[in-house]
Structures are given as C-alpha cells and as structure tokens.
Amino acid sequence: MTSRKYFGTDGIRGRVGQFPITPEFMLKLGWAAGMAFRKMGACRILVGKDTRISGYMFESALEAGLSAAGADVLLLGPMPTPAIAYLTRTFHAEAGIVISASHNPHYDNGIKFFSGQGTKLPDEIEMMIEELLDAPMTVAESENLGKVSRINDAAGRYIEFCKSSVPTSTDFAGLKVVIDCAHGATYKVAPNVFRELGAQVVVLSAQPDGLNINKDCGSTHMEALQAAVLAEHADMGIGFDGDGDRVLMVDHTGTIVDGDELLYIIARDLHERGRLQGGVVGTLMSNLGLELALAEQGIPFVRANVGDRYVIAELLERNWQIGGENSGHIVCFQHATTGDAIIASLQVILALRRSGVSLAEARLKLRKCPQILINVRFAGSGVDPVSHPSVKEACARVTEQMAGRGRVLLRKSGTEPLVRVMVEGEDETQVRAYAEELAKLVTEVCA
C-alpha cells in the first residue's frame, strides 16, 4: 500500500498553526473528505470536537470545505469521540469527523474520521482523501452546496446510549464515585450518566475554558483524582482523557487501576458468566501479567500493534469482543464500535457489583510484572533509532539475559515525536537498569 502523507496511526495530529494543523489545510481536508464520501451520491457528515479552543476555528474550516464539496454537515459541538462514532451510525451519516488531539495539551489538535458504521475509516478511503488533498479544489454549483445544521440533543442521545449498555434494572445507589472529566469532551455527559444511574457523583475538572483540557487532570494526570477519592471517602474514581476514549480508575485506597487491570476485570466477568466471545486482544505494551492471568482462566490472548485501530482490526478479524490498551483505551464490541471510556467504566462497575468485591480487591487478582517505560524525545534526525544496529544488538542482548522471563520493546510513537523504550520482567531493579541502559543508548543514537 502507498505510504500515507498526512494520516498517522490515528488520523492527522500536530501543533496548532503548524502544517497540517492550519485553517487552510482543514478547509482543503473538508473539501477532500466531502468529495471522497460523495462519490456514492449525496451525503451528510457529522462533525464533533473536544473542548480545546482551536476546535472552533477548525470546525468552521471543515464545515466550509465539506459544504463546498456538496456534503451536508451536522454539527454536534463538544462531544466525546465515541459519541460521534455512535451518532454517525444513528443518523445514518456517511461519515463522522472528530476534531481532537485526545490526551494531548491544548496547543495540539487533530482530525480523525469514522465510517458510516462508526468504525475507523478504511485505509482505501484515507488514501482517496490523501489523493484529493493534492488535487485542485473546486466548488459545487450553488444549488448543490451542502447544507449545515446543528444537532441540539446530541448529549441526551449519547447519555441514553451509555445507560443502555447496562441492564435496565441497574441501580448504582450507595456508590460514591469521583469523576475527572479532564476539562474535556465528557464534562457534560459523564456526570449525568452516573447520576441518572443512581450514583453519588463528585465531579472534577469539568470547567473547560479552551486551554485547560488535560492540564494536570484526567487520565494522564491522576494525582488530583487520587487525592479527591481519599478526601471524599469515595468507593472509586474515574479519570477520562480529553476526548473520552480513554479511562483509568482509582480504587478507594487511592491506587491507580490501569487499562490492563480494567480489561482483565471486564474479561473475567464475561468469562465467568459464559458471555465472553473468543478471547482478549491487547497490544505489544500490555503487561505480561495480563497475559498470564488470562491464561490461568483459560482465556486466549493476542497482541496487536499499539493503537486502538489495531486492537479493533484484530477483534474484527477474530470475531472477538473485548480488547484494549494499558493506557485506558478499552473496546467493548458488544456495546460500541470503538473505544468508549464511559461504557468501559460502566462495565467495570457492573463486574464489581456482580462479584461483590471492591475495585481494590479485583485489581489484586491480576499480578502485574514490573514494567518500565521511558520516553525518549526523537527529533527526526534522519537516523531511525529503533532499527539502528547498536540498538538492535543491545535489545537482543538484554532479551537473552532475561532468559524468557521478560520482554523488550522499542517503538516510535504514532502521535508524538517519541521513542518508547519498554522493558518488562520479574525483577524491578533489573528491569529498570535494562530500560535506563537502552534509553541512554537511544538518546545517544538520536543525538
């Protein structure tokens, strides 16, 4: 397949004001997308965004480009990414567009697409859009321009969808939960979902100002949530990222429960009830302890490349239902077509209530192996540190020294200029030493 010029592992992302995250490019992208989706005839496209300030600028640019191509546009306003996937399906739209940089700071932004089925856009459509981006822009005849309208009840529709993922008899009365919305796209919907199910809800970071999204809050900065759970004597805390497709949790002792542990809790509950279809999909970054714990339950486990689109592709290929990443992307295909943080957290709470144990007790059933991850800034000097001979030789040596009781993984981030150095094994001191050794070598090679 031809290599992509603009699309990365999860759409298009970068620094606001730097190509391609500019109004000019977004105008052209909207036009190219509209032209691609209109090849089958008239179409309408949903557009949603998170709460970062640049979203308004890019929403207007995309709207103009789509309309110029003759595509009708439905504006959703600030909504979680999985909500846009869901609403794209329910409105029978040809595609959905999300303006978001997920867990990144406010000065980044990006675009990702959903197909009309609420799934990640097929590669061939992405390539068609890329080709059109390099073609001259034309404008439809006046009578064929796309119409633009705003959907005012999007939040209510999505809240009801989330609630429909649990049995109608579900009552969270007696549950006290702290929710950190990261000043992001879940700030309106998440608290209402849990309140309407009967929980006592304490809300953090739900006052977006366009600049504070993900700033010292949410699933990438859990300290405030940990402190609030302890101060409020809550049963648990739930931390979302800026666009609502990642979730981490905090138990009543203030301990973080990561995506591997949440995935295990959901999968074990389904397995014990005879509801697990197939096995579980993790990633190259999933903790070895998850694989071992699932094996003890007789649950198959496979690893996909890092990125929720690869987890989803593996689930589709195997006709399995459950997968995710330790970062908190969790896919529950029996309920949603993509990673949905609110739905995943609801499934965890249901599993806990069925088993009668606390989140703290449930997480201890998964014995994680020490895993050290070091991010090394990579400026793109022309040298690929991951495939550099000295780095490959060092990785092979460390792997041999661990004698089958650990893993080494080096990979470039698909969304940031980073090389991720991960070492995993039984002895934390040894694992840390190996990781620091490899990170130092990668730094030297990058320099």
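Glycine is treated like the rest: Cβ placed from N, Cα and C.
The active site, phosphoserine intermediate annotation in Swiss-Prot covers SER102. Look at SER102 (active site, phosphoserine intermediate): DSSP puts it in coil.
The Mg(2+) binding site feature in Swiss-Prot is assigned to SER102, ASP241, ASP243, ASP245. Remark: ASP243 (Mg(2+) binding site) has ASP50, PRO80, THR81, VAL98, SER100, ALA101, SER102, HIS103, GLY184, ALA185 as non-local neighbours, by Cβ distance under 8 Å and separation of at least 6 in sequence. Mapped onto three states, the DSSP output places ASP243 (Mg(2+) binding site) in coil.
If you look up Swiss-Prot, you'll see SER102 marked as phosphoserine, on the strength of sequence analysis.
Around the Cβ of ASP241 (Mg(2+) binding site), the number of neighbouring Cβ atoms within 10 Å comes to 32.
Taking a C-beta cut-off of under 8 angstroms and a sequence separation of 6 or more, ASP245 (Mg(2+) binding site) has the following same-chain neighbours: PRO80, THR81, PRO82, SER102, ASP308, HIS329, THR338, GLY339, ASP340, ALA341.
Around SER102 (active site, phosphoserine intermediate), taking its Cβ as the centre, 28 other Cβ atoms fall within 10 Å, counting all chains.
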